[in-house]
Structures are given as structure tokens and as C-alpha cells.
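Here's the structure we're looking at; comments come further down.
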Amino acid sequence: MALRTDCSELFLREQYFVPSKPREVMITDFNQPLPQQEYSWRISPVALRDFGSGCFTRSGRMPRSFEKKDEEEDKREGQGPALPSWQPEPEHGDLERFIRYCRTSKCPDFQAGHCELHKPMQCFHFHFEGQRRRGVLGLDGKLCYWELPCKWISQPNKCHLGERCIFAHSKGEISYHPAKYKTRLCNGGDCQKATCCFAHSEKELRSKAVARYSHGMAAERPKESKESKEQEEPKEEPKELKESDEGLSGGPRSLGASGSGATSANARSLEAVDLKTFKVFPCRKGRGVHDRKLCAFYHNPRDRRRPPACGYRPEPCPECFDSDSREGASSCSLGDDCGLCHNRLELLYHDSVFKKRFCATFPKVSSCQRGDLCAFAHHREEVRVELLKLEEEELMAEWLSVPEDSRSPEMQLRAVDFFTRRFKTLWCPYGTQHSWHECLYAHTDQDWRRRPELGYSSEPCTEWAKHVGERLPYNERCPRGLRCGFAHGSKEQLYHPSYYKTMPCTDWAATGQCPRGPQCAFYHGADEQRILREASSPSAAVAGASMGRVLSVQELEASSAARTVLAL
């Protein structure tokens, strides 16, 4: 074993053993046991700190039990999933050149004294040893290491496997790994231009990379094949059970939508995270290498969540939120007694935030690095806020795709009902960038509508109009807040049941085109015009539009709370 051959030299260099009397013989072969008859050794405090009191003997040799641990660990590493082979991707240009050679050789210009691409670092070669990458592709075309970090990533020289280690030894080896490179969009911050490891357009995204090269997906493949075999050879159920099922259901059992594999996967995902204990306790895996993102325990102060029973609110702490300090909560003057979140884990896994928005990878959730432990929803069944119904989304998709002169009267009636009752009344659960002007959900206070069932009129609120363009909390823009009987903003006025499609569109009348498209609140022709019956009061107008019961203010305040959560 590699560690066995140079362990004595390592121990002397790190001062794990300290001689209690002067040396009398010079040691030339560190592979041989240290001469106990000429030396008496004592274990140093460094050894006690790093390994514990039972790891070494006074003779200067590592106990057999400890050597066995390392042998077993090496054996476990060898029994992991086999490293995959590289599959060429000609559609992505010189992508393979970057994955093979970027930062694998030292920059000749920097060695000569000056490189123009040094600050900010945009050079194809590495300038310092910490930027160096080992070649990730071997001569046989197989990957040499996984994208998971080695436990010695901060001190790669201490890894006893050295260049043969099958885990990443630097951030560069992770970022430019085939399982990571160009799999996420660049956010524009600190972009390294030509050498940036993120994609700058949808065309650059490598959607199949995670499934082909990631350690997590490779580890799952044997399980999937085993499950598929079990599904191909189902166990025969007892005759009595079959008969009882047929008697209850009136026929043979069948899987409906709620009994599908996707639904069971969603249930598994929700059960995978216990918000009371997730990242609250330290990880005990010790020397074993594993993906920290897929671990339910914390590994450092920045990865730790305080127990939710502490009662902190889902708001960032201004003193230490996402601080680079390794002290974590201790950099906050209030410590664990602080009533605000100290890091993203505390915020995203707070009960009032958890699973209230879709994951940024949705609907291609297989590329999510956190899997079932993700704080965001991977399926509609996981979302813990109200969503538009599927039939409503399908109606709007059809409404947007069909030309105006081809829409049936029934479709127009259903669209009127949707735009007056549901449009912009729910907060957007999607985390990816999209046009919020065309989105059916609300994104800002000006974009959000109270439900018309509350009974407000289509007349504009004078208090709300005084603060147009100002970024103020909702209750500060109007002292009456949700209880106000007038429209707060253009959305509440234009899509009110007593106003929608009752006035002509001036843009359409002037040019025959409308910049608002199918979502325009004005009518484009006589077939779209709505003629309402006279109403003696605003609430009567709402009732006359068949809006159902009037909502209580408490129900609207509940939706306002959801607005605060989704705006985080």
C-alpha cells in the first residue's frame, strides 16, 4: 500500500512522534521499523489531534489495525462505479480541447515574466500550482477521476494516492470536468470570457453530460438495472389478495395517475428531507469521500443549519448571511440567538420557503446536483403553494397559439373567466429567467392582483396612485392595504370583471396590431366586446359577473404571506 511505504517519513516530517532522547543512529531506510532499542518515542499532541490516542504504538510504527483501515478504504474506493469513457461531442466545437488541456500545463508567458491574461485570470494555461489540473482523459479514452472532491482537496499533496486519485484535487478539476463543464448558464459575475466553464447560451448547454459522466448517476445505474429486472419478473400475488381487490374495485387493479411511478418518486423526495434535522447534526462519515450536497449532515460551520426550533425568520442576517468566514454563525454578534438566517441553507430549508418554487433545472430535473435533497420542487406534486390548474395552463397555451379569428365562442368565454378570476392572482413559482410580462403568474406588487372575489371595484385607488414608481411595501402604498375597496394598480383595474374587454384597444384601432397580444385587456373587435348589465354598486358588479362567494380578508392575507415567501 502506498501509505505503508512512506508512512515513517511522513510521521517524522509531520512530527507525529517526538524522540524523548537524542538520536544516536542516522536512519537511512524509512521502510524498516524504527529502532526501538535505541529510541523511546512519545506521541506528539499533533498526532493526538489528527488521529486519536489509539492510532500509534511507541515503537514508531502504525498499528496493524490502523493499516487495515486504510486498506479497507482503498478497497472500497476500488469497488465504486467504473469510470466512464469519453463520448465525442462535435456539435460543441472545440469543447473537447478545453476539457482535455485547459489549465493542464504552465503558461510559458507567465514563466517568462508577464502574461496579459493574468488579471483577471483568463489564460488557457495555469499560472500557479493551485490552478493546475490533472488530465481528465486517459489514453484509453476513459475518465481518470470523478467530479467529486477528494478529502485532501485543500492539501492535495497529502493524498496518498497522488496523481492516481480518482477524485478531484482542485476547483479547476471540478469545474472543467466532463460532468460539470458547460452544464449551467453563466450568471455574468466574474466571467472568465473565453475560458469560462459555464455556458453563455442555450446552445452551449450540455444536457447529457451529467447522465454520462457524473459519479451520482453512475452509482445509480446498477440499482436501476436491478429494479428493472424486478419489474420484469413481478412476484405472483396470493389468489385471495387478487380476489379481494377485484371485489372492492369491481375489476382488476389498475394504476391511475396517483399511483404512477412519478408520484411515488415525489413522495420519496418529500420524505428525504426532514426539516427538523436536515444539516443540523455533523457528518460522521469521517475519512470516507462522499458528495456533501447529497449528505443530510453538515461538514463545516457554513454548511450548518440551526434547529428550526430556534425560531429564526426566513430573512437574511445582514451581519453574516453567506459570509466567506469559516466561523459561520460566530461572525454574527448574536450567534445562534439571532432571529434571522445565517446562510442559504437556513433560508431555503425554512418551513415557509421549502419547496415553494420549482428547481432551476425543472423540467429536466435529472441534472439537479442535490437530487431528492433539493430545497426546490422537482414536480408539481411537490410544490407547497397553490398553482394554476393544468386545464387552465392548457387553455392559455391553446389561446396563445390559435389566431384571433379562429377562436371558438366557448374558448373565448373560458378565457374571459380565466383572465378576470385567475390571471396574475398567484405568485410565480418558476426560478428560471423568463418574460414576466407574458407569464400567467405575478412577479411584483404592481403585477399582482387581489382576487376580485374580495369585492373591490375597478375604480383606481387614489392613495395607491400617489406612490407610482416608488418601491414601498404593499401596506405602505395604501393605508387600507388588502381591505381597500378600490383597484391597486393597472392589473386590478384592467382585468376586473366589470372592466375587462369593455373598452376598445386604441393600438389595434390605429394600426391593426397590438403590442400586448392575446393578453390585451381591451377588445380588438365587436366579437370580443363584453356588454355588462348595470350594477348599483361595485360589489354588485362583481356578483353580477358570477364570481361566486366574496373572499374574507384573512384569505387574502394568506396569499399576501405567500407573496413574501416567493419574493425571497
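Cβ coordinates are placed from backbone N, Cα and C, and glycine is handled just like the others.
The compositional bias 'Basic and acidic residues' annotation in TrEMBL covers 218-245.
Feature annotation from TrEMBL assigns compositional bias 'Low complexity' to 254-263.
Residues or ranges marked as domain 'C3H1-type' in TrEMBL: 149-172 (among others).
What TrEMBL lists as domain 'C3H1-type' is 354-381 (among others).
Residues or ranges marked as domain 'C3H1-type' by TrEMBL: 455-491 (among others). For the domain 'C3H1-type' (455-491), residue counts in helix, strand and coil come to 13 helix, 2 strand, 22 coil, using DSSP.
Here the domain 'C3H1-type' (499-527) returns a mean pLDDT of 89 for the predicted model. Feature annotation from TrEMBL assigns domain 'C3H1-type' to 499-527 (among others).
According to TrEMBL, the region 'Disordered' annotation covers 59-91 (among others).
Feature annotation from TrEMBL assigns region 'Disordered' to 214-263 (among others).
What TrEMBL records for 149-172 (among others) is zinc finger.
Marked as zinc finger by TrEMBL: 354-381 (among others).
Here TrEMBL flags 455-491 (among others) as zinc finger.
Within the same chain, residues 399-400, 404, 412, 416, 419-420, 423, 438, 458, 493 sit at least 6 positions outside the zinc finger (499-527) and bring their C-beta atoms closer than 8 Å to a C-beta of that stretch. Sequence annotations record features per position, and here TrEMBL assigns zinc finger to 499-527 (among others).
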For the domain 'C3H1-type' (499-527), jot down how many residues DSSP puts in helix, in strand and in coil. 9 helix, 2 strand, 18 coil
What DSSP reports for the domain 'C3H1-type' (149-172) is 8 helix, 2 strand, 14 coil
Tally the residues of the domain 'C3H1-type' (354-381) by DSSP class, grouping H, G and I as helix, E and B as strand, and everything else as coil. 8 helix, 2 strand, 18 coil
